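A short write-up of the structure that comes next.
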Amino acid sequence: MSHRDTLFSAPIARLGDWTFDERVAEVFPDMIQRSVPGYSNIISMIGMLAERFVQPGTQVYDLGCSLGAATLSVRRNIHHDNCKIIAIDNSPAMIERCRRHIDAYKAPTPVDVIEGDIRDIAIENASMVVLNFTLQFLEPSERQALLDKIYQGLNPGGALVLSEKFSFEDAKVGELLFNMHHDFKRANGYSELEISQKRSMLENVMLTDSVETHKARLHKAGFEHSELWFQCFNFGSLVTLKAEDAA
């Protein structure tokens with residue numbers, strides 16, 4: 001059962017940097033619904049994309065799977081034989097709960113739930129890869145290498161779904177969408193103290209890029225087609241396709 005997120009409702013003397021620990025994992029479903037506009041839509045649409053792109057005898061990778069929401073959405077929409085989903089996260093608390101969530105919903109498609117670093121995972125025979133609010137937690141200098149690896153491991157015609165919090169090259173637009181996101185969190189019951197303390201913990205850990213920067217990296221990796229398919233305020237998702245005639 002999900003618990004309500006009250007982690008930052010009282011003043012914290014020494015905030016430190018953000019970690020996906022046991023306390024965060026316990027309230028994560030409530031936290032992400034109240035913090036990320038459009039999250040449920042993105043999760044459900046990832047399933048629809050899986051129905052279109054997952055091919056028989058291939059693998060799907062959920063890189064930074066947290067509690068397995070995207071994995072479950074993909075699995076519900078796979079209608080082929082001999083497919084497998086590989087879900088990876090480096091948080092022991094998240095992985096423990098993810099395994100429980102996956103085991104609670106029976107389906108023919110097997111899921112390997114792995115506690116590990118997504119930078120160390122081999123991507124092979126993939127028809128779809130999901131990076132759902134994950135890349136932003138990697139050091140910027142390490143992001144290109146991961147996208148290069150994903151491109152190499154995707155089969156021709158395969159898809160990468162890349163969801164992120166965005167920064168904006170237009171400062172005026174960035175300020176507006178930043179403020180609207182905070183309005184969204186206030187409307188969902190977060191206090192000014194909660195918003196401020198969480199932001200302070202995340203600012204050195206979650207480093208955002210512009211859509212233009214993401215597209216430039218994807219193009220450099222070899223992807224020929226990438227476009228923003230969902231956006232709400234400063235959160236959104238790109239769908240990126242490997243050409244069907246790619247070597």
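Glycine is no exception: its Cβ is also placed from the backbone N, Cα and C atoms.
Listed in Swiss-Prot:
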BINDING   TYR39, GLY64, CYS65, SER66, ASP89, ASN90, ASP117, ILE118, ASN132, ARG199  S-adenosyl-L-methionine binding site
| remark: Most Cβ neighbours within 10 Å, among the binding-site residues ASP89, ASP117, goes to ASP89
| message | Are there any residues at least 6 positions away along the chain from ASN132 (S-adenosyl-L-methionine binding site) with a Cβ closer than 8 Å to its Cβ? List them or say none. | response | ILE42, ILE43, ILE46, ASP62, GLY64, SER66, ALA69, ALA70, VAL161, SER163, SER237
| task | Restricting to the same chain and to sequence separations of six or more, state which residues have a Cβ under 8 Å from that of CYS65 (S-adenosyl-L-methionine binding site). | result | THR71, ALA87, ILE88, ASP89, MET94, CYS98, VAL113
| Among all the protein chains here, how many other CB atoms are within 10 A of the CB of TYR39 (S-adenosyl-L-methionine binding site)? | 19
| Which of the three DSSP states, helix, strand or coil, fits ASP89 (S-adenosyl-L-methionine binding site)? | strand
